[in-house]
Amino acid sequence: MASKAAPSCRLVFCLLISATVLRPGLGWYTVNSAYGDTIIMPCRVDVPQNLMFGKWKYEKPDGSPVFIAFRSSTKKSVQYDDVPEYKDRLNLSENYTLSISNAKISDEKRFVCMLVTEDDVFEAPTVVKVFKQPSKPEIVSKAPFLETDKLKKLGECISKDSYPDGNITWYRNGKVLQALEGAVVIIFRKQMDSVTQLYTMTSSLEYKTTKADIQMPFTCSVTYYGPSGQKTVYSEQAVFDIYYPTEQVTIQVLPSKNAIKEGDNITLKCLGNGNPPPEEFLFYLPGQPEGIRSSNTYTLTDVKRNATGDYKCSLVDKKSMIASAAITVHYLDLSLNPSGEVTKQIGDALPVSCTISASRNATVVWMKDNVKLRSSPSFSSLHYQDAGNYVCETALQEVEGLKKRESLTLIVEGKPQIKMTKKTDPSGLSKTIICHVEGFPKPAIQWTITGSGSVINQTEESPYINGRYYSKIIISPEENVTLTCTAENQLERTVNSLNVSAISIPEHDEADEISDENKEKVNDQAKLIVGIVVGLLLAALVAGVVYWLYMKKSKTASKHVNKDLGNMEENKKLEENNHKTEA
């Protein structure tokens, strides 16, 4: 009995000693685990053949041991100690590997695997490190706007539930922001939850912005340590509205200042290039030193030509920052004299003037009965064809809608004028009698036979054009007759007669009246003939001059030749006389 008790005593003593003293030479082993994962700790001791059982313990901060798991090598049974924080979380395998589910920060301890034989205790320590990835950093408490040249809190970067704690870095357009006195102020804080032991990191950024920061993205990141090493997580980008003062004022004129005409409404719009743009301005009208306070627009209604001038606007609190625009209110006046309906007598003179007054050169177009005229009408002696509806129209091409027009309806009146002609048909069986009538209003024509007073109704009339038309009858008189043509309008009654011989008696035919159109053709032909004659005369004159010059030159040459021949004759005679004398 005594011999059996001795080994048991030695075993208990060894367990007590090993609970406080780690056997040297086994070294340290670290297991890294992510928060919430299962911690797996192999027992790094070779299992001896005479193993009795294995145990796991951990050490408190004061070094005292806490046993948590036991496994017998003979009974193949597992027992877990009543440790509240590890209840239902432990699993000890046959090879004495200890697994702890749902890893927590409090699991960061030194665990020891103990394999016990009758003679010895073998131990292997394992250090557990638990890591918790922080939440994605977020920029919160963001400033609604930043102001240039003012140090202002931009926002806070926050990342939660980290273990161990991490570092926060700020970036502007992807580049790290370093603290700079008076321009970049970064304050970092961290806080640990007493229950979860997880850290929350917060970094606030105060920043003095410039206009270069417009549309620039700001981000932050958290750098932390995980089971596999160091990692970095970035926040979403944040872009801030940058407020900056107005540096320039501009003025706009609506509609376009090149197309303003009398009667238009003008809207002046003043703009500042600051952010936010100014909401109020002072507007200065031509000749008014005091500005009118208004929003960024000021409207003038039904403007007149005297509104032409320089318009200005400025900031309310900085009147020296001013902008101006020159505005011309275009106008167009037209005066037609005479105008309306005018009645004149044929042969009268009628001066017509269309006077234009405009803000710039205007185009003038004359129309007669909707047909464009080549030049302004001028009437020194009115004709019936001058009657019609005349329109003087003017416009400013650069200003849409600015045009004026006045009309003149000219009526040319005249008493009836009659001319009668007769012509025998080539067959000799009939005669054509024509009564040409001129006058306005249109005269009525009546044919009668003098003596009998009979009225001839079978007539043929031409169209009434330019105050003229004719009435024609065809007769075959067996005896001499006198025909009377009567033309009558509101002005007068005119009568003319023509003697017509019997069809059997030959007589001289009278030429037909030449129409206005034929007159123009005759005039054109006459002009052409005159031009040809003048051209021929000029050609003959030039030819005569050339011939005269030629003849004059020829006579001069003949004189020189005759003179030379005379001199030769005289010299010959002198030589002959000299020979005779010598003989």
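Including glycine, each Cβ sits where the backbone N, Cα and C put it.
It should be emphasised that the depicted structure is a prediction, and the values quoted were computed from it without experimental measurement.
Candidates considered were Cys354, Cys485; the recorded disulfide partner of Cys435 in Swiss-Prot is Cys485.
Listed in Swiss-Prot as the disulfide partner of Cys43, from the options Cys9, Cys14, Cys113, is Cys113. Looking up Cys220 in Swiss-Prot gives a disulphide bond whose other cysteine, out of Cys157, Cys313, is Cys157. Sorting the domain 'Ig-like V-type 2' (125-234) by DSSP state (H, G, I as helix; E, B as strand; all else coil) yields 3 helix, 70 strand, 37 coil. The Cβ of Cys354 (disulfide bond) lies under 8 Å from the Cβ of Leu334, Ser335, Leu336, Val364, Trp366, Ser376, Cys392, Thr394, Glu406, each on the same chain and at least six residues away in sequence.
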